Amino acid sequence: MSANPFHLAWFGAGGFGVKSWNKTWSGRGGRDWASPQLWVDIAQALERARFDYIIIEDSSYVPDAYGSNSKAYLSSATATPKMDPTVLAPIMSHLTSRIGIVPTLSVTEYHPYMLARKINTLDHMSNGRTGWNIVTSSSHRAAQNYGKDLLEEHDLRYDIADEFFDVSCRLWESWDADAVTLDADHGVWADYEKVHTIDFEGKFFKVRGPLNAPQSPQGRPVFTQAGGSARGKQFAARTANSVISGVEGGPAAMKRFRDDIRAQATGYGRDPDDVKVLFMASPVVGETDEEAQAKRARQVAFAEAHPELGLLHLSRHSGIDFAQFPLDEPIPDTAKTNGHQQMLAQAIGKTPREFLRKSLSTMEFVGSPDTVAAKMEEVMAEVGGDGFLIANFDLNRRYVSEIADGLVPALQRRGLTRTEYTHSRFRDNLLEF
Amino acid sequence: MSTPPFHLAWFTSFTAPAWRSTFGGDTGTEWMTGEYYVSMARQLERAGFDFMMFEDSTMVSEALGGTMEQDLKHSLHSPKLDPFPLLPILARATKHMGFIATGSTSFYSPYILARVMATMDHLTGGRVGWNIVTSSEDIAAQNYGMDALPPHDERYDIAEEFVQVVKALWDSWEPGAIVMNRETGHYADHTKVHRIDYRGKYHASRGPLNMPAGPQGHPVLCQAGGSPKGRDFAAKHANAIVATNPNVEKMAAYRADIRERAARHGRNPDDVKVLFHAAPIIAETTEEAHAAYQRVFGMDDPLQIEQTLAMTAAVTEIDFFQYDLDAPMPQDLKTNGHQSVLDDFMKRNEGKTLRESLGERLRLGPLLVGTVSEVADQMEDIVTRVGGDGFLIRAETGLSHTRRYIDEICSGLAPELRRRGLIRSDYPNDLFKQNLLQF
């Protein structure tokens, strides 16, 4: 069964932090993480491989969910340190020419005017290659850094996100596309009749406008979103140009997820082809199938030997201290969270160890480049589209090269992924097929 | 006795340069990619500037005539892109010079500001600074959900808390918190990373920052307070102070006042550099320079008059179009905007007409006009009489913000100053703050 061409993107898991520091191929990753060079190299490699975009994940707190202090996170450099993606994004776009650059910014941490302005500036500077990965945040610890006592409740955060999105779009369009006249004879730089206040007064935000800069090349940035809960999917279907999915259950579940997003998008009056659903994948690629499988076996053995490293993530995302549950007893259904609902739902009833093992086995793509390319084609043929979002927590240049210079050429030979960027703007490329 | 060296910096914003000037090139829209400022940064570093500073505001002003027309026509306060995303690429195009971006304590969250600055400090290898402003326009506040800004003095109380939070966040990781012990697998030592648990009247933050501070620890802090409260705030926190005065005696008095206030706050006054706005007009000959001066500041051109009025109106929030250009300058105006700017503008021009006042208003700084060597003489004389610390070059939007003007300063004036030993000939230190405080 053959698949239609699909999209590739990269999820910069762990954000602008320590990517890899004490492994064989870490290089100087522990020391040099605060330099933008690794991200520049990644962006250039992925552009060479014709990826559509790269997301810089983000969160802005030092976690202390696991074991109720920050020790485990700081000693393993997990989710912290993490620097600001809006500072990294312009360097990446400056040193590339076609790939989309997508920083993550939270609607519960930013004010819409400030966010709209930063994204507008980035879109101008990148000549229309900027995206916004919309997150609502999921930790009280982040909220407490911003002067709140607690983070807003889960569904309310999406109500805030809806309004935030609407205000931002109004600001991005507060200058008509032809407002800049550059009429030297009359000394008129911009025509004020084409610049409008927005006078927005909602439940959460009040913004006068207009934005103090002209419409950027894309007008609105490309929106990416990763909501997996019912409310999150609703928001994504309404707003996103690309939805990130980590859904479990193989191709059948992926197809259901995608069909659901597309149906909901249609319900909002959108063309479902304007919403590209990309599925998280961490292919393990080697010279031969055997070498790749051996590598995968080493990864699994390491994870099995260090269950706490996996549980750190689960604790942080769920807001629950998994250090309190014995490794081999089922997690009780009385566990509750104000954080990632989907992840907790998946964990209840399993033991922590089982849950970790299961999350390790999601979407296995292991083999030589050709083997992995064939498997990806098979999955996409069944799911219907729209592509994959590559992520790897132990991120180093070697892994990037295995994907960009090994896997991608194999996909391209099969006619599955792009070999050229047709357009200069990010959204036009993303929606091309 | 030879004059000790002084500092040169450049004051600008991420905005449209002089797009309708003879030498405006394609800058009317090209500036939005940042390339104009990238080439400018390279020029300034070659010339030995200490830093490039980006002023900022977030409004389309309606102060003049109640509409956005004048502001947009002359590209005054708007358009203005966000300077924070620009700094990293400027730093990447240079090696030594410092970069300062403006962030408002009325609109930012302290946590975001602390994190952005610390991130930039890492990315630039310790070459950034933060220009602290409290903002002064209600129309900007209305973009952030407020009806109006708090009163002037309260804004400084808020700023004081803001700066305390930001400094505490920068200090929340002890030096040496990153241990990178491969044996035990410890990246950072959690006992050296601390919550700040700040709870003030206006701001609260739990902390710690989710990253260590950059090479400078605290980036260079810059401020431009003119009111007594503003001066005190600047003297307490800033390493660089931006000041505007055309009168050399007043420049000297201002600097002495700042240094005295800094000492009162227990600081070494030499850790506070007071830089004055200057807009030198330089040409091949004295005559050409005076002709150029007349074109830039002469107020002969109706478009220029209109632009200068609009600029003044937006800062002071006073609609100057309602006054007769050739009647004496009014002396009793009140504003919730930059009161010190307005007071100064009125007092300085008592007895003059509004039209006469505008040329000097536009120039902002002392009179500097002539050949390269004449202007170098004038600057040397002024610095000697003021006592130090240097100048902040400013090319007014719409008039002389062109690559050609930048080159006149960088390839003409600066080399002459350098030959006289008046500005730096190298950057001996890695960190911006160390270079700034070097002399």
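From the backbone N, Cα and C atoms, a Cβ is placed for every residue, glycine too.
What TrEMBL says about a protein is an automatic prediction, not a curated fact.
Taken straight from TrEMBL:
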{"type": "DOMAIN", "residues": "B:10-387", "note": "domain 'Luciferase-like'"}
{"type": "BINDING", "residues": "B:Asp56, B:Thr102, B:His152, B:Tyr156, B:Ser227", "note": "FMN binding site"}
- Task: Enter the number of other CB atoms within 10 angstroms of the CB of B:Ser227 (FMN binding site).
- Result: 16
- Note on the structure: Across the domain 'Luciferase-like' (B:10-387) the predicted model averages a pLDDT of 92
- Let me know how many other Cβ atoms fall within 10 Å of the Cβ of B:Thr102 (FMN binding site). 21
- Chain-internal residues, separated by at least six, CB under 8 A from B:His152 (FMN binding site): B:Ser136, B:Ser227, B:Lys229, B:Asn336, B:Gln339
- So B:Tyr156 (FMN binding site), by the Cβ count within 10 Å over all chains shown, scores 20
- Task: Report, as a single number, how many Cβ atoms besides its own are within 10 Å of the Cβ of B:Asp56 (FMN binding site).
- Result: 22
- Residues B:Asp56, B:Thr102, B:His152, B:Tyr156, B:Ser227 [recorded FMN binders]: greatest CA to CA distance in Å: 19
